[in-house]
Amino acid sequence: MSRPDGEVGGIVGEFFSLKDETDADYLVMQVGDFYEFFGDDAEEVSDLLDLKVSQKSSHGSNYPMAGVPVDKLTPHLKQLVERGYRVAVADQHETADGHAREITRVVTPGTLLETTDADAQYLAGVVRADDERYGLAFADVTTGRFSVTAVEESDPDAASDRAFTELYRFDPVEILPGPEVRNDDAFLDRVRERTDATLTLHRADAFAPGRATHETKEQFGDETLASIGLADGGTGASGRGDRPQIQAAGALLSYVAETGTGVKSSMTRLQSYEGDDHVSLDATTQRNLELTETMQGDRDGSLFATIDHTATSPGKRLLKEWLQRPRRDVPTLRQRADGVAAFANSALARETVRETLEGAYDLERLASKAAHGSADARDLLRVRETLALLPEVADAVASDPTLADSPLAEVASRPDREAAADLCEELDAIVEDPPGTVTEGGLFRRGHDEELDDLIERHEEAEEWIATLDDREKRETGITHLQVDRNKTDGYYIQVGNSETGKVPDRYDRLKSLKNSERYTTDELNERERQILRLEERRGELEYELFAELRGRVAEAADLLQSVGRALAELDALASLAVHAVENDWVRPTLRETGDLDIEAGRHPVVERTTEFVPNDLRMSEDRQFLVVTGPNMSGKSTYMRQVALITLLAQIGSFVPAAAAEIGVVDGIYTRVGALDELAQGRSTFMVEMQELSNILHSATDESLVILDEVGRGTATYDGISIAWAATEYLHNEIRAKTLFATHYHELTTLADHLDRVENVHVAADESDGDVTFLRTVEDGPTDRSYGIHVADLAGVPDPVVERSQGVLEKLRADEAIETKGGSSGGTKQVVFDVGSGELKSGGPEERGTGERQTGERGSDGFGSEQRGTGGCPEAGANADAVREKFGEDAEDVLAEIADLSVSDTAPVELLNRAQEWQERLDGE
Ligand SMILES: Nc1ncnc2c1ncn2[C@@H]1O[C@H](COP(=O)(O)OP(=O)(O)OP(=O)(O)O)[C@@H](O)[C@H]1O
């Protein structure tokens, strides 16, 4: 038992009563020079942090205890918090009658300032105002960024999807759900499944509109709110008077304040954005396209890891943000691409800029630390060094004609260079190699402050006096073994060897005797020592004051630091895109406001890095809007479709693309539905997930979207699957008119091209000769006729007898022959027939359906006799005609003849239905 049932006194009791005050996962409490965990906390934390557990006895019982020295708390806290835990810290302070302890702060994933990870660290608030509207706020205390947005949709599910998409895009480490959202189990389940964020229940009243608005105004001021249309009376993105995004923002601010971590001061800029600026990229699509991590959750192998060549953390963050939030506005994209092009064409200048950037520190994070008051002298030095790079970078850009003539010149000259130079000059006051503490002096150069200079001078004089004291004393006393030194217990002293203590003058006072020597002091030395201590103390105080002042000025210049930081990050991200383009032969795409997608010799940006890649073209236009992609298993259908999505996405972040040439009509959204990998593990039906994703696409896509469907309908019975795929195709083609690529093994769908104007077939080619299949990886017009699934089974190492037997079964199925089941309970063989009507294998002899004789029409393109499907069980034309007439009426024979004449593949499904209905009506039978 580690938590006592009854009353416990002493330190352990104090720990448990403080623990009752907090809902944090762990409590750590200061006890003298240590911070200690007790009870279960000690046991759990010791595992996580590799600490030793000892036993603390209190009132006759023992309790587990684990601790860290006071100055080692931060790294341990950081480890816990980065794993998603919230940790309350109780500090000890002196009182008249001893010590008291109270919780001073709760460190949480979203409020940890000490992160070393380059990634943004967002704290998110989500409010649902009513079913169709959500407000979201995102704060990164490490960089001071604060963004809000509102999401509104006509349908509650679509609104919830979009809110989740925004959350997923920012990838927060901690989320505060508002009062409505915390009761929405479906939403919360999704958050838990798809993100690593810690969910924190902040008090509900903090989300109330009045209180939240007050908090937000206090933090950012009325003017900021007004400037982004969110002040009183402003409607924001919602178009209504109330603003759920402000509720989310206010709750975030009050939460940050209540954690007591003091990081609220770092948040200085409020940005509001509207969904319309960006390409809609739902959470599923971000995952399916493996933008920042692979489907297996690894960073390596993602698009971001592949294209990232940035030199700085802010550059990395920005490039990732671009990738997660592609844009729609062509002018911005052209500007970025102009920048990439300029860097791509000027290798020398590009490398100069990149090398210079390597010396840059994270100005956004340093600005936050300065605002929070935790920046030390080394941090300010980093600010100075980074600011000093601005003119270097700007000059490198200005002195290269190609760069100077590109938007890069504007980026480099955007920050206020003069203000940066002024701050740099102020920061010159810091010495080259300052100490890690800010309270003990030694931080400033001479010339910064008169009083300090005077103190330093007097201090140096006194030290000089002491430094030369031994020589003077040796001369005066004639003692040769004499030395002057200082230590903590004795202060300054004169040490004389035992052999010469007889020469010691009267003015020496003995301090202590050592084995071979004696230590003395003198009145004069005492006086100097007091002087030095006074000077040191004053110098420490004065330097701290001066330092805090300077740090305050850096904090005030947060905007300047953010703007320099942003400019350097932008140059870094653009240079990184140029490096990748040059090294991998990417080209600049031509961007159009809307319309065609025309890619010549396109490649998959990630797969091309590890494979001898076969490039492929893509052409989509108004009259070629929907491509049905067929081809054998493993031939490259998914790769082809993903490469189209990724090329479009890269173009819409301003990047070059892996192709010989590309014309991209910008899209307003990219939607994908590809094979679900992990939902089964989460206990959800794969088919259910597939249908939810399809439903989302059919609700959200527009005629300006790009839709990628990989084998929709595969998760259910063949005929249900084909029907859904068929109907979804018609809907996307007729109603939505989105540019769509649809890979399928249902070859029935290839006939759609004959009926729907803008549907075309393409296939990934394979070559079959002498029973060997070679994947050519080339995409050609027209449908394919084979799946080669058995060939893939063979490649995958399925045992030979199974492969051979599959081949035999396939041939029988193709020939519509009965299959003999092997190894039945009777030990003999039994014959079954694949009933194409129901998609089931039925027992019975081949005589029930004829032995391999074709019954109607020609074999379907997939070899499964698709045109025969639905004919099972129909009476043969040669059967007893009278009996048929008697049972089904006079028209029966005509109806049968019409059915026999009908070409199923040339008839639209709707017409087929109409005809079937008409036939039924003409037949008298039941
Ligand atoms: N153009 C290409 N050049 C070279 N290799 C390729 C190309 N396209 C695909 N590949 C490789 O072929 C393999 C199969 O590709 P992919 O998964 O796209 O096939 P698929 O047709 O979608 O398969 P399935 O129908 O079984 O899902 C992958 O390992 C991929 O790396």
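Glycine is no exception: its Cβ is also placed from the backbone N, Cα and C atoms.
So that you can see what the record holds, here are the features copied from TrEMBL:
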BINDING   GLY631, PRO632, ASN633, MET634, SER635, GLY636, LYS637, SER638  ATP binding site
COMPBIAS  845-861  compositional bias 'Basic and acidic residues'
DOMAIN    705-721  domain 'DNA mismatch repair proteins mutS family'
REGION    820-886  region 'Disordered'
When you average the Cβ positions of GLY631, PRO632, ASN633, MET634, SER635, GLY636, LYS637, SER638 for the ATP site, which other residues in that chain have a Cβ within 8 Å of that mean position? ALA743, VAL764, PHE775
On the domain 'DNA mismatch repair proteins mutS family' (705-721), the mean of the pLDDT values is 78
For the binding-site residues listed here (ASN633, SER635), which one has the lowest count of neighbouring CB atoms within 10 Å of its own CB? ASN633
Using a 10 Å radius around its CB, how many other CB atoms surround GLY631 (ATP binding site)? 28
Taking only same-chain residues 6+ apart in sequence, whose CB is under 8 Å from that of LYS637 (ATP binding site), what do you get? VAL629, THR630, GLY631, ASP710, ALA743, VAL764
State the count of C-beta atoms found within 10 angstroms of the C-beta of GLY636 (ATP binding site), not counting that atom itself. 25
Three-state secondary structure of PRO632 (ATP binding site) from DSSP? coil
